[in-house]
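Feature annotations, reproduced from Swiss-Prot:
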| type | residues | note |
| --- | --- | --- |
| BINDING | ARG22, GLU80, ARG119, LYS446 | (6S)-5-formyl-5,6,7,8-tetrahydrofolate binding site |
| DOMAIN | 215-370 | domain 'TrmE-type G' |
| BINDING | ASN225, SER244, ILE246, THR249 | K(+) binding site |
| BINDING | 225-230, 244-250, 269-272 | GTP binding site |
| BINDING | SER229, THR250 | Mg(2+) binding site |
Amino acid sequence: MSEDTISAIATANGIGSIAIIRISGDRALEIASKITHKDNFTPRYASLSNIYDFHGELIDEAIVIYFKAPFSFTAEDVVEIQCHGGFIVAQSILKTTLLHGARLATAGEFSKRAFFNGRIDLSKAEAIAQLIEAKSEDAAKILAQQMKGSLKEYVEKIRDDLIHILAYSEVSIDYAEEDLPEDLVMQIQAKLKELKTSLNKTLQASKAREGLMQGFKVAIIGKPNVGKSSLLNALLNYNRAIVSDIAGTTRDTIEEQVKIGTHLIRIVDTAGIREASDEIERIGIERSLEAINESDIVIALFDASRVADYEDEQILSLIESKAGSKNVLHVKNKIDLEEKFYRSSLEFDIEINSKEGVEELILALENIMNQANTSDEMMLISQRQIGAVQNTLNYIDEAFEPLQEQELEIFSFNLNEAIKEIASITRPFENDEMLDKMFGSFCLGK
């Protein structure tokens with residue numbers, strides 16, 4: 001990929017026990033020899049070495065490991081220097097490697113070299129980047145599977161099947177006087193339908209399980225002053241939202257994150273739903289309705305101490321119409337007061353101030369999220385991957401009619417485009433701008 005030898009600090013900035021400086025390229029071993037004053041490094045063996053600056057002054061005592069090409073992350077010669085942590089030592093060693101001829105790596109350049117040198121495919125690169133940023137055990141487990149190559153195997157199987165089908169068409173085009181036999185057309189149609197079913201299952205499962213990756217979005221919905229902000233604070237276990245007896249205190253949506261079990265949830269406290277008294281409140285209520293549409297789970301909160309009125313009925317009807325197949329938890333708050341709100345369909349009774357019933361509500365949320373993690377279907381982890389699968393499906397759909405009409409050149413064109421789209425999940429050779437953008441989001445030492 002490049003004749004440059006690059007260097008960067010691979011660990012996070014800050015105070016710590018250990019920092020790692022990574023060097024990759026043809027001159028990596030030469031630079032390691034210059035900064036250690038040692039000539040012999042056995043590949044993949046840790047060597048305790050003194051590290052010297054450009055003028056021969058001792059910087060630190062460190063562990064130096066040499067990975068000989070192609071048996072390294074980048075498939076180039078790589079040297080990793082494990083020194084004492086902190087700002088000064090690591091920066092001094094990095095500066096010395098640059099003075100000896102290395103270039104400071106750009107963001108994600110080590111991973112980009114690994115990609116272009118065939119050590120990783122693009123799906124694995126995406127998994128690495130997202131694993132570093134993972135905020136829950138759910139996401140980490142999914143990403144670990146993708147790093148092992150599960151998505152790559154799936155993509156290559158789909159691609160190979162499409163190429164196999166395309167071969168029949170290409171042969172018939174070469175012998176233009178001959179149509180595909182009817183029984184072969186039926187076999188191809190059946191195979192394309194089978195591939196469509198597989199891709200649709202993957203697409204649907206990925207969208208349904210998006211909460212495992214991004215965090216499950218939970219919207220708290222209800223009339224003003226039923227305790228939505230208090231419930232948000234109780235779930236977070238600290239006071240995030242202002243709580244007041246004045247109806248309409250929350251005039252906009254508030255979103256916060258919290259872990260429940262192995263899951264990350266994004267809780268949205270919404271403005272109370274009622275007839276708006278001013279423009280600002282109207283906008284807040286509109287955003288509350290948007291929160292229902294965008295959420296994975298809805299908590300519908302009602303005041304047990306008040307008789308159900310027209311607004312309560314409206315909220316129940318609204319949630320039923322907007323929530324669709326989403327999980328909805330109906331909750332009565334203020335059960336310490338005389339109960340006047342009678343609805344047998346409400347599953348949970350809570351008193352937020354004493355936290356009575358809150359633990360049961362949290363367990364119900366956890367159970368819903370656990371159920372989302374039971375699918376064995378392949379998981380797509382980015383909008384780029386989802387878009388590629390959707391485009392593949394579109395081209396397969398476009399191929400059926402020309403196949404039936406024996407318009408084989410059009411059929412072949414659509415199949416070729418489908419092959420390009422599915423292959424782009426692991427190796428999009430022709431989109432340098434997209435690659436630069438993706439690898440540029442990595443940290444410097446990755």
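Heads up, the Cβ atoms here are built off N, Cα and C, so glycines get one too.
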(request) Measuring Cα to Cα, tell me the gap between ARG22 ((6S)-5-formyl-5,6,7,8-tetrahydrofolate binding site) and LYS228 (GTP binding site) in whole angstrom. (result) 50
(request) Using DSSP with the three-state reduction, classify ARG22 ((6S)-5-formyl-5,6,7,8-tetrahydrofolate binding site) as helix, strand or coil. (result) strand
(request) Could you tally the C-beta atoms, other than its own, that fall within 10 angstroms of the C-beta of ARG119 ((6S)-5-formyl-5,6,7,8-tetrahydrofolate binding site)? (result) 18
(message) Using CB atoms and a 10 A radius, I'd like the single residue among the binding-site residues ASN225, SER229 with the highest neighbour count.
(response) SER229
(request) Have a look at the binding-site residues (ARG22, LYS228) and report the one with the fewest Cβ neighbours inside 10 Å. (result) ARG22
(message) Return the count of C-beta atoms lying within 10 angstroms of the C-beta of GLU80 ((6S)-5-formyl-5,6,7,8-tetrahydrofolate binding site), excluding that atom itself.
(response) 22
